[in-house]
Amino acid sequence: MTRTTTCVYHFLVWNWYIFLNYYIPLIGKDDEKLKEFHDGGRSKYLTLLNLLLQAIFFGVACLDDVLKRIIGRKDIKFITSTRDLLFSTLVFPISTFIFLVFWTLFYYDRSLIYPKGLDDYFPAWLNHAMHTYILLFVLVETILRPHHYPSKKLGLALLGACNLAYITRVLWRYSQTGNWVYPVFASLNPLGIIIFFLVCYILNASIYLVGEKINHWKWGATVKPLMKKKK
């Protein structure tokens with residue numbers, strides 16, 4: 001892709017996520033059946049947090065594209081570094097994680113993650129927008145341009161910190177309301193929940209490492225010299 005095409009692509013995807021972040025909170029806002037969905041805000045759902053994260057990332061990517069064209073430089077240190085850090089440590093791992101875990105649980109027993117009653121409010125296209133297209137967009141981004149990964153120690157630490165923050169949010173929500181964010185937790189005993197969280201982090205960390213490998217496989221010759229310049 002040319003720089004102009006890449007910029008247009010980032011702009012279109014950015015606006016797609018802006019639309020989703022605006023539209024989804026309005027669904028069934030005054031409907032008593034969706035009261036639990038709206039109570040506590042979007043921060044209790046990893047899927048909705050990810051949509052916000054995607055909007056931020058593609059906004060930064062679009063800004064990076066525009067500034068490079070205006071200034072005429074290949075690299076704008078702070079913006080480009082922020083873009084790459086967001087993508088490598090959060091956007092790629094979390095989007096892939098949501099896709100894998102959601103659809104695995106959905107086809108095993110959808111009541112554990114996405115009860116059938118939600119179909120009345122969230123049409124199929126919106127379900128796929130939240131849980132399927134997110135993977136498509138990050139894979140396109142991986143192929144579209146190289147991303148400079150931090151050290152494994154830093155990358156996994158940042159990912160782990162975000163995992164811990166979200167787990168804390170889930171547990172705090174349960175302690176305040178007695179309701180689990182996702183039905184799957186209600187089917188597990190305390191040990192099962194601990195194991196579930198551990199497995200989720202291991203999966204997230206594995207996805208991070210796979211993303212790094214894919215990036216190196218596709219862009220290794222391009223990325224290496226730039227990474228050496230940072231030293």
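Numbering starts at 1 and runs along the chain as displayed.
Keep in mind that glycine also has a Cβ here, set from the backbone N, Cα and C atoms.
Since we're looking at a predicted model, the values are computed, not measured.
Residues annotated as site 'Important for catalytic activity' in Swiss-Prot: THR47 (among others). Under the DSSP three-state reduction, THR47 (site 'Important for catalytic activity') is assigned to helix.
For HIS131 (site 'Important for catalytic activity'), the same-chain residues lying six or more positions away in sequence with a CB closer than 8 A to its CB are THR47, ILE98, PHE99, PHE102, TRP103. The site 'Important for catalytic activity' annotation in Swiss-Prot covers HIS131 (among others) and rests on similarity to another entry.
Helix, strand and coil counts from DSSP across the topological domain 'Cytoplasmic' (1-7) read 5 helix, 0 strand, 2 coil. Per Swiss-Prot, topological domain 'Cytoplasmic' is recorded for 1-7 (among others).
Summarising the annotation, Swiss-Prot assigns topological domain 'Extracellular' to 29-45 (among others). Same-chain neighbours of the topological domain 'Extracellular' (29-45): 52, 117, 121, 169-170, 173, 177, 179, 181, counting only residues six or more beyond its ends whose CB sits under 8 Å from a CB of the stretch.
Taken from Swiss-Prot, the feature topological domain 'Cytoplasmic' applies to 67-85 (among others). The topological domain 'Cytoplasmic' (67-85) scores a mean pLDDT of 84 in the predicted structure.
Positions annotated as topological domain 'Extracellular' by Swiss-Prot, on the basis of similarity to another entry: 107-123 (among others).
Feature annotation from Swiss-Prot assigns topological domain 'Cytoplasmic' to 145-154 (among others); the stated evidence is similarity to another entry.
The annotation topological domain 'Extracellular' is assigned in Swiss-Prot to 173-190 (among others). Applying DSSP to the topological domain 'Extracellular' (173-190) sorts its residues as follows: 10 helix, 0 strand, 8 coil.
Among the features that Swiss-Prot reports, topological domain 'Cytoplasmic' is placed at 212-231 (among others), with the record citing similarity to another entry.
Away from its own ends, the transmembrane segment (8-28) comes close to residues 1, 34, 37-38, 42, 48, 51-52, 54-55, 58-59, 61-62, 65, 121-122, 126, 129-130, 137, 140, 144 of its chain (Cβ-Cβ under 8 Å, at least six residues beyond either end). The feature transmembrane segment is assigned by Swiss-Prot to 8-28 (among others), with sequence analysis given as support.
Annotated transmembrane segment per Swiss-Prot: 46-66 (among others), in sequence order, evidence recorded as sequence analysis.
Non-local neighbours of the transmembrane segment (86-106) in the same chain are 46-47, 50, 53-54, 56-57, 60, 112-114, 131-132, 134-135, 137-138, 141-142, 147-150, 155, 158-159, 162, 184, 200, 203-205, 207-208, 211-212, 215; each lies 6+ residues outside the stretch with a CB under 8 Å from one of its CB atoms. According to Swiss-Prot, the feature transmembrane segment maps to 86-106 (among others), an assignment based on sequence analysis.
Look at Swiss-Prot and you will find 124-144 (among others) tagged as transmembrane segment.
Sequence annotations record features per position, and here Swiss-Prot assigns transmembrane segment to 155-172 (among others) based on sequence analysis. Sequence-distant contacts of the transmembrane segment (155-172) (same chain, at least 6 residues past either end, Cβ-Cβ under 8 Å): 43-44, 46, 49, 85, 88-90, 93-94, 149, 180-181, 185, 197, 200-201, 204-205, 208, 212.
Here the transmembrane segment (191-211) has long-range neighbours at 88-89, 92-94, 96-97, 100-101, 142, 152, 155-156, 159-160, 163, 167, 184-185, meaning same-chain residues at least 6 beyond its ends whose C-beta is under 8 angstroms from one of its own. The transmembrane segment annotation in Swiss-Prot covers 191-211 (among others).
For THR47 (site 'Important for catalytic activity'), other Cβ atoms within 10 Å of its Cβ number 18. Non-local neighbours of the topological domain 'Extracellular' (173-190) in the same chain are 36, 39-40, 44-45, 105, 111-113, 115, 196; each lies 6+ residues outside the stretch with a CB under 8 Å from one of its CB atoms.
DSSP assigns HIS131 (site 'Important for catalytic activity') to a helix in the three-state reduction. Note on the topological domain 'Cytoplasmic' (1-7): residues 62, 65-66, 68-69, 144-145 of its chain, located 6 or more positions outside it, place their CB under 8 angstroms from a CB of the stretch. Secondary structure of the topological domain 'Cytoplasmic' (145-154), assigned with DSSP and counted as helix (H, G, I), strand (E, B) and coil, comes to 3 helix, 0 strand, 7 coil.
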